[in-house]
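Novice: TrEMBL lists A:19-80 with the feature domain 'RNA polymerase sigma-70 region 2'. According to TrEMBL, the compositional bias 'Basic and acidic residues' annotation covers A:78-94. As annotated by TrEMBL, region 'Disordered' applies to A:78-99. According to TrEMBL, the domain 'RNA polymerase sigma factor 70 region 4 type 2' annotation covers A:111-162. Sequence annotations record features per position, and here TrEMBL assigns domain 'DUF6596' to A:180-280.
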Amino acid sequence: MNRTDVGEAITRAHHEQWARVVAALARRFGDLDIAEEAAAEAFATAVARWPADGVPPNPGGWLTTTATRKAIDRIRREHRRDDKQREAQMVHDDDPPEPLGAVDDERLRLIFTCCHPALAMETRVALTLRMVGGLTMPEIARAFLVQETTMAQRITRAKAKIKAAGIPYRVPSAEDLPARVSGVLAVLFLVFNEGYLATGPDSDPVRHDLTAEAIRLTRLVRALLPQDGEVAGLLALMLLTEARRTARVSSTGELVSLDQQDRGAWDAALVAEGHRLVRERLAAGKPPGRYQVLAAINAVHTSARDVRDTDWSQVVALYDQLVRLDPSPIVALNRAVAVAELDGPEVALAAVDRLEGTLAGYHAFHATRADLLRRLGRSQESRAAYDAAIGLAGNTAEIAYLTRRRDQLG
Amino acid sequence: MQYLVSVIDDGTGPDTPTEQAAIDAFNDRLRAEGHWVFAGGLGSPEPATVVDNRNGEAFLTDGPFVESKEYMAGFWIIEAADLDKALKLATEGSKACNRKIEVRPFL
């Protein structure tokens, strides 16, 4: 096996096994810091050893065993309180496994711990991206539009609180579950989004590992709470978005916008499943939450065989509904994109320009402006807006797309 | 783990008889279920005195160490398996005494 193959095996193991290793260690040692540091050490050991020794037949098992040894070494070195007792427990781990509660998935335990209501919402999301998603600090900071040091402090404080305040490492009991789900959904949606439009200069433009993990975990939550409309809505939204994944990046690694995509390349099975979920929610006749409305918007897009058949008035109507549920500037920006199709780019541009105060640091704001200005023939201003968008964008495929659009301007 | 469950008051009024009865019932439950360690009510902050003997000469200050509209009016020390259990008890305690409550773990 050559060096490139080993490198790829390590990257793949990181994508597939990170959360499993962290979750297994967190459960065993009851300490997220130890779990994370030992997992990181195990991956560092893999980088050092696998090129010479070869990739082990079961990389996940190898990593968990190595990380467990690292954790025990660390605890021994630190001479913790109750040292001997803890060590005995760790070395002879033959206690009957704890009952798993309502959800039989180690990673879901980790998510519910990271999404504990005693933590601030933004902290829950950041911690889950770090511990469960295995994202790096710069990736998480970008996803939140904050400084890396701010994010690092937030995560450190959260881990310290989990330890000091005694936040338990478990899936909540059935009675507490519904109240704890909204935070989990927010987290899963952000994990999905980071996978769908990865932000790092060195990462693949689409990280299927993250989108697949977000979908898998959302399916688990849905199995648990089949009557929860927002869980169904979020799953539908993810499926309808994921269905377009392969059509979204060209063979030259460039982002393909929705109107340019080869609709024949969309995953018909995922589209059908997503539509089924949206219809199920409509039939339920209950007022929808934001995920259900977002899923409905995506259902309208994926119902059109050709972009010209898109029912834009319905899309705008759904965005109006969404603005009432979530009056954030990003929703207003997306609404403006639909308004451009219905009422023309001039009306949309006026709406977009009103958002400058809050969204000036967000690449999609400038990319949207650039496109509208281009359609209005204001090439000079459009070029400047493309430059601003390219400067702020993190996704490699999106940068390639924006650069080509800019260079096409007369 | 042990938790300090502080009752936060803003001086809106004394305990009503209904609150007193609810607190008694809640205390009985804490004892019956093995969560009880200690509890007590505190006088208002005005008669507090701050003592500073860090320099070997006691310096007394009339009044509480921090001026604030909100103050600690009483507390429970409870034994609970984890924060979820402590928060559940605090939720009931808040209802019983009709006040906001802060939960902090002992080190």
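Note that the numbers count up from 1, one per residue, in the order the chain is shown.
Cβ atoms are placed via backbone N, Cα and C, with glycine included.
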Novice: Looking at the domain 'RNA polymerase sigma factor 70 region 4 type 2' (A:111-162) alone, can you tell me the average pLDDT?
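Specialist: A mean pLDDT of 86 is what the model gives the domain 'RNA polymerase sigma factor 70 region 4 type 2' (A:111-162).
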Novice: Taking helix as H, G and I and strand as E and B in DSSP, count the residues of the domain 'RNA polymerase sigma-70 region 2' (A:19-80) in helix, strand and coil.
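Specialist: Counts, helix then strand then coil: 53 helix, 0 strand, 9 coil.
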Novice: Residue counts in helix (H, G, I), strand (E, B) and coil for the domain 'DUF6596' (A:180-280), per DSSP?
Specialist: 71 helix, 2 strand, 28 coil
